[in-house]
Amino acid sequence: MSNKFVITWDAMQTYCRQLAEKQMPADQWKGIWAVSRGGLVPGAILARELGIRYVDTICISSYDHDHQRDMTVLKAPEGDGEGYLIVEDLVDSGDTARKLREMYPKAKLIAVCAKPSGKELLDDYVVDIAQDTWIEQPWDMALAYAEPVNRKQK
């Protein structure tokens, strides 16, 4: 992908709070199902913001860091999803979202970020991302010392 969009921890917190505001009133939700692994951090932040104590995971494997591959459902809660928020960090091609809709037709599917190919599958999201953009999530990055410019020229 030719473009990158970097999300800092502060930005992720802000985006998740914005997403949480759209899910009010909180007492309408039985719980949160976070899609592992990308939805784990946003799911935890939403659980905190909404005061939701019941958090479970849906484990679907479709990426090896930056390469999409065949989708495998590793763990899935029972039911049709009624009363649950399914939380993702990103909807990209929409393949995972389509699978989630098939598995849980009555759940509310939300994500922090959405690309054009998948955003119509979501009930809510907060950040539009161009299709040709790779997202660097804060949990995939590390802070590092940067040499001052004047020292690089010696």
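Heads up, the Cβ atoms here are built off N, Cα and C, so glycines get one too.
Annotated features in Swiss-Prot:
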type    : residues                                                                           : note
BINDING : Arg37, Gly38, Arg69, Glu88, Asp89, Leu90, Val91, Asp92, Ser93, Gly94, Asp95, Thr96 : 5-phospho-alpha-D-ribose 1-diphosphate binding site
BINDING : Arg69, Asp92, Ser93, Gly94, Asp95, Thr96, Trp134, Ile135                           : GMP binding site
BINDING : Asp89                                                                              : Mg(2+) binding site
BINDING : Asp92, Ile135                                                                      : xanthine binding site
BINDING : Asp92, Ile135                                                                      : guanine binding site
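Overlay of Swiss-Prot feature records on the structure.
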residue	record	CB count, 10 Å
Arg37	5-phospho-alpha-D-ribose 1-diphosphate binding site	15
Asp89	5-phospho-alpha-D-ribose 1-diphosphate binding site	23
Val91	5-phospho-alpha-D-ribose 1-diphosphate binding site	28
Asp92	GMP binding site	25
Ser93	5-phospho-alpha-D-ribose 1-diphosphate binding site	13
Gly94	GMP binding site	18
Asp95	5-phospho-alpha-D-ribose 1-diphosphate binding site	17
Thr96	GMP binding site	26
Trp134	GMP binding site	13
Ile135	GMP binding site	20
In three-state DSSP terms, the structure that Asp89 (5-phospho-alpha-D-ribose 1-diphosphate binding site) belongs to: strand
Per DSSP, three-state class assigned to Thr96 (GMP binding site): helix
